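S.K.: Pasting in a structure now, in structure tokens, and then I'll have a few things to ask.
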Amino acid sequence: MLISFLLLLLATVCVAFVGVGLWVFGNHFLTTDIPAAISHPMRLRVLNGIFQLLITWGMIFEKLRICTMPQFVRFVHDLPPLRKYPDVVVKDLRFGTIPVKLYQPKASTSGLRPGIVFYHGGGGILGSLKTHHSICCNLCKKSDAVVLAVGYRMVPKHKFPVVVRDCMAGTIHFLKSLNTYGVDPARIIVCGDSVGGAVATILCQKFVDRSDLPKIRAQILIYSTVQSLDFQSPSYQQNKNMPLLSQDLAFYCWCGYLDISPSWRSAALKGAHLPAEVWEKYRKWLGAENIPDRFKKRGYLPVSREPLNEAAYLETNIILDVMNSPLIADDEVVSRLPEACIVSCEYDILRDESLLYKKRLEDLGVRVTWHHMEDGFHGVLTTIDMRFFYFPCSSRILDAVAHFIKGL
């Protein structure tokens with residue numbers, strides 16, 4: 001009887017596994033539209049298929065109350081062993097309770113090196129120190145800099161503002177102990193991809209009046225998110241179904257990180273979650289007229305915002321906090337930020353946020369070095385050492401960033 005039960009259970013699991021695989025194959029692998037400009041389109045199709053399979057299984061486990069989707073995906077993406085780099089010394093440390101990884105060039109030097117504080121992306125729900133290990137190793141090696149990657153607590157147990165708070169604590173600890181790591185206090189750079197880029201510029205804003213800390217020399221923002229208000233920009237319309245970061249996943253991150261009910265998605269998409277006076281106040285920074293026309297050629301339809309949904313506004317107005325939307329910080333703060341290196345990707349739902357922030361900084365006299373990847377997509381940098389899933393665009397991003405650092 002027990003053997004029969006186990007065989008039945010095994011058969012059920014196998015059927016479920018095959019069924020979920022076929023569903024993902026039909027709904028994502030076969031139907032995903034890969035732009036012609038993307039190098040190695042089949043490679044991206046397979047990578048996205050695997051990612052969607054993980055998300056689908058995560059959602060199933062979440063409904064079964066086994067674990068949440070982010071917990072499952074993080075467990076799987078942290079399974080592969082970390083690659084070793086002979087030219088880089090890596091140390092796992094803790095600053096208080098904050099986990100960090102320290103990367104130092106193995107070669108000795110007579111002087112001080114630049115210091116890079118790196119914050120990983122993942123929408124506040126995915127990503128880890130392990131997923132961005134190769135990025136940090138390559139950044140350390142190519143820029144001959146000391147890199148500190150800061151870990152932080154994530155959804156579902158920890159929501160806004162824990163990510164920023166953890167990263168701030170880890171960064172301050174590092175800034176107060178630069179001598180220990182042979183870092184030049186005049187060449188401190190904060191860097192991040194996706195939500196990590198948001199953290200980088202948020203901390204720059206937080207530190208402008210901190211006379212007790214070394215000044216941040218530069219900020220590097222790689223396909224970053226810098227606003228949580230508007231979801232109808234040209235890139236949101238053009239790239240809403242792009243691999244790795246679709247509109248569905250972007251809203252999942254938005255709701256999960258900010259603890260907002262998913263039921264307000266429709267109101268947010270229609271612009272009904274904010275009053276007319278708020279839209280008017282920030283139009284000078286968020287309006288599509290700030291985006292060059294060449295980025296609208298793949299299709300853009302201006303959308304009229306619907307009347308205010310008062311209930312939606314009451315539950316979502318946390319997005320107006322500059323720790324969620326650093327793009328809308330006051331001129332007095334933004335004008336004092338350090339120079340920036342901004343990387344945007346054409347096939348990224350967040351592309352226009354980089355363009356808007358670039359313009360905002362430049363309008364206030366902040367120097368910006370901008371690199372736009374015509375064949376880039378969100379998350380491409382994490383493929384830097386993925387072998388079969390490697391995309392050349394990732395190397396170009398890393399080379400551009402290293403060149404910027406060496407020029408400081």
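Counting begins at 1 with the first residue displayed.
In case you wondered, yes, glycine gets a Cβ from its N, Cα and C as well.
Residues annotated as active site in TrEMBL: Ser194, Asp348, His378. Annotation comment: TrEMBL describes 116-261, 312-381 as domain 'Alpha/beta hydrolase fold-3'. Feature annotation from TrEMBL assigns transmembrane segment to 6-30, 42-61.
How buried are the listed features, and what sits near them?
M.R.: Close to Ser194 (active site) in the fold, though at least 6 residues off in sequence, lie Gly121, Gly122, Gly123, Gly127, Ile222, Tyr223, Ser224, Thr225, Leu245, Leu350, His378, Gly379, each with a CB less than 8 Å from its CB.
Every protein chain considered, the tally of other Cβ atoms within 10 Å of the Cβ of His378 (active site) stands at 27.
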S.K.: Could you break down the residues of the domain 'Alpha/beta hydrolase fold-3' (116-261) into DSSP helix, strand and coil, giving a count for each?
M.R.: 59 helix, 25 strand, 62 coil
